[in-house]
Every structure is written in C-alpha cells, then in structure tokens.
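One structure is given here, and the rest of the page talks about it.
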Amino acid sequence: MREIVHIQAGQCGNQIGAKFWEVISEEHGIDSSGAYNGTSDLQLDRAEVYYNEGSGGRYVPRAVLVDLEPGVLDTIKAGPHGGLYRPDNFVAGQSGAGNNWAKGHYTEGAELVDSVLDVVRREAEGCDCLQGFQVTHSLGGGTGSGMGTLLVSKIREEFPDRMMCTYSVMPSPKVSDTVVEPYNCTLSVHQLVENADAVFCIDNEALYNICYNTLKKPEPAYPDLNKLVSGVMSGITSSLRFPGQLNSDLRKLAVNLVPFPRLHFFMIGYAPLSADGVTAYRAKTVADLTKQMFDPKNMMADCDPRNGRYLTASAYFRGHVSTKEVEEQMDAIQTKNSGQFIDWIPNAIKASVCDVAPTGETMSAAFIGNSTAIQDIFKRVGSHFSAMFKRKAFLHWYTGEGMDEMEFTEAESNMNDLVSELQQYEAATVEGEEEEDAYAEGAVVNGDQSYEDQYAA
C-alpha cells in the first residue's frame, strides 16, 4: 500500500498533528486506544496508509512526534488520544529552542536529529511501499522552523525519491507571536524551496477569519483552527485511503500542481464551511462546493487569489459525487474566470473523486491552488526581514549559535528570487514570452545552442 509517514515538529506542528490524528481516526473507526470499532469494511480497507497494524488488531499511527521541550508532547500523551501513539515515537529534548531558528537547526535540534531519524527510519522500514512524508510545523518559532527544516533536508538526503509535503504555518500579518518571526520564516523558506515537493501555506489569521466570519464562532480557539487544517489534510489523502472513481496520490498532486520546481507553495481551502445553525438551509451540490472552495474568503493563507493568477489548481471531492458534474464545474470555473488563470497552461484544474465522505458530511471538497498571489506572504515577511536585518537587530541570538550573516543574506535573496519568479510567470502571456521562457527555463546550454542543437551536433 502507499504508506505516508507523518512527522510533527514543535508546539504548533504537534497541536495540528494531534487534531489531524483525531479526525483521521474517526474516519477509519479507530478509537483512542487504537482498537477498531467502525461500521464499514471500507474503513479498514486501506487504513495502513496512515496506520500500522500492531498485535491484537491494534492500529498505531505512523507518526513521529518531535519537540525540543517536553511540555506539548506530555500534554498529548496525557490527553484523550495519548494511548493511540507508539510511546517510543515521542522524541523530546529538554532545553527548548526559544523561538530561535539557529538553535533548532544547528545546535539543540542537531543534537536530537539523529534519534528522530532513527524513529523515522524504523517507521519507513515498516512500510510496504512508502509513498512519502508529511510534516506539520510552523515557520515562526524555533523548533518547527529550525528543526523542522533540518529534518526535511536530512530525510530528503536519505529518501531522495519519496515525496515530501509540508503543512507550514506562516507568520500572520496582524497577529505576531514573536518579534523574530521574519528571520525564522525567511530562513525556513530558504530550506523549503530546495528540499520540499509541496508546501501547503496556512496562517492563523486567515483561519481566525474563517472561524469568526464563516463559522460564526465568537471566540475561535486553536482546536477550532486546527480542525480546519486537518479537514484539508484528510481530504488530500482521501483517495489513497478510500476507493474512488478518480484517484490521486502525493506524486500525482505534485506532477499536476508544480509547473516549475521552485514554485511549490500552495494555498489551501475546504468546503462546505457554514455556521452550525445554517447548515440545514444550504444545498450541498458540486456547484455549491466549487463556488465556496474557490472563494477568496475560504483560503487558509492570508493572500487574495484575485491579486494574482492561478498557475494550476486541484480539487478533491468526497462523497457520492458525479464525476461528469465535477468535470463540468472545473471547466466552468476556468471559462468563467479565465482572467484568473494563466493562459499558457490549458486545463489547469485537476479533480479527484473519492466515494467516502468525511464523518458527519454527505459531501465535501478540499482545494489546493498554486497561485502567484502567494507572493503576498513572501513580500510581507521579506519587508519585515529587511527592516530588521538592515539594523542587524536581534542578530546576535543567531550568530551566537554559530550562524553567519552570509546565511541571512542568501536566504533573503532566495526569497526575493522566488517572488520575482512568481511575478515573471504571472505577467507571461502565450505569444510574447515564448523565447524568454526558453531562456528562463535554462534551455540555453553553451553559448546559444539549445539542447536539440547540441544533440544534433
């Protein structure tokens, strides 16, 4: 089976991860002790994508839980689902990273990374046919960003041909937890551009807005926010875990969504989202779900897709959905909003259909968009980064852990390059840019000989 090993790093990553395992366990009819008490054979049919079957029919998540301080992991262990996880898959340091990327990446995290990799290796060896890894972490703190990216690059080294997907919580525009977020985030993006296959960008402020405005929760708490994210996480892998008419997996996802290797930062959305009292009054149709998931208010990252253009997009429908209707809706979206899509990638929306709806729903859809509007996040973080880096503010915390200023400069220019690539492809049109594209894509090898000329010669 196509197994996925899940890694959660740092406080934010562990809280999202814990919620994700609650949601997935409920879908597969697995209770908090790992025993199966579901109602349908389909629930167990491919449960091994995320679970290992232990002795006595117990299902154990393929999860590795990592943090540089024991607090959050202890809370998960003591919580209602603590008995679900394998006890030796918890790897905790004692000192914490103190919101310092350098501590997570070079000092404290580097000391712990080998013991984490041992657990990851053991989980990977327990798989028949490992599909890839998914990492949940935040980019603003120390452990999730510093140690999370260290793990991503180490796993990349050891498993170069497996998929690497990360669910990365970006710093929010208005809500800032720590003053050094721009540093941590920029240094992390620098790593993720090189080592990840797909990065799903999430931010707390967008999640707050969805909870507050759409779900009408007056005081959203982190569990509410994390539930939104886990809905998408479960939707993306649903067709690996349940039978469907149009299947998808992590590799198909990347092949269909990443037109250029560096542009793998996606925004995600989920439908149906409606306040508790309103649900009964809404029709759930494919058209309704499609409309909602393409709605800018539905995006879980704080950037407006109307400010850019979609390179590609992917929709994951669940429930009893007509494939024909899905195809028609995808076509209609592209025809109606043609200005929002790049014209030199025809049929840019991929759809997948899974027959089993999530718990408590008759139909749902998860959305992934590769839009040039994602540059808003990088621009925002970049401007905060330059403002502080110009004055070398807070830099001694990083250089004290052995980092060099050069690394900051490199990370900054890598992120700026990413923004200018996004701008270049947004502005490109079919006619005018063909020659320029050939040059941009590195088709010019020596002098002005193209690949074809070279081989012909």
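Along the chain as shown, the residues are counted starting at 1.
Every residue gets a Cβ built from N, Cα and C, even glycine.
Copied from Swiss-Prot, the annotated features are:
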BINDING   GLN11, GLU69, SER138, GLY142, THR143, GLY144, ASN204, ASN226  GTP binding site
BINDING   GLU69  Mg(2+) binding site
REGION    431-457  region 'Disordered'
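Distribution of Swiss-Prot features across the structure.
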{"residue": "GLN11", "record": "GTP binding site", "CB count, 10 Å": "23"}
{"residue": "GLU69", "record": "GTP binding site", "CB count, 10 Å": "19"}
{"residue": "SER138", "record": "GTP binding site", "CB count, 10 Å": "30"}
{"residue": "GLY142", "record": "GTP binding site", "CB count, 10 Å": "29"}
{"residue": "THR143", "record": "GTP binding site", "CB count, 10 Å": "34"}
{"residue": "GLY144", "record": "GTP binding site", "CB count, 10 Å": "33"}
{"residue": "ASN204", "record": "GTP binding site", "CB count, 10 Å": "22"}
{"residue": "ASN226", "record": "GTP binding site", "CB count, 10 Å": "24"}
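Classification of THR143 (GTP binding site) by DSSP places it within a helix. Residues GLN11, GLU69, SER138, GLY142, THR143, GLY144, ASN204, ASN226 are recorded as binding GTP; their most distant pair of Cα atoms lies 22 Å apart.
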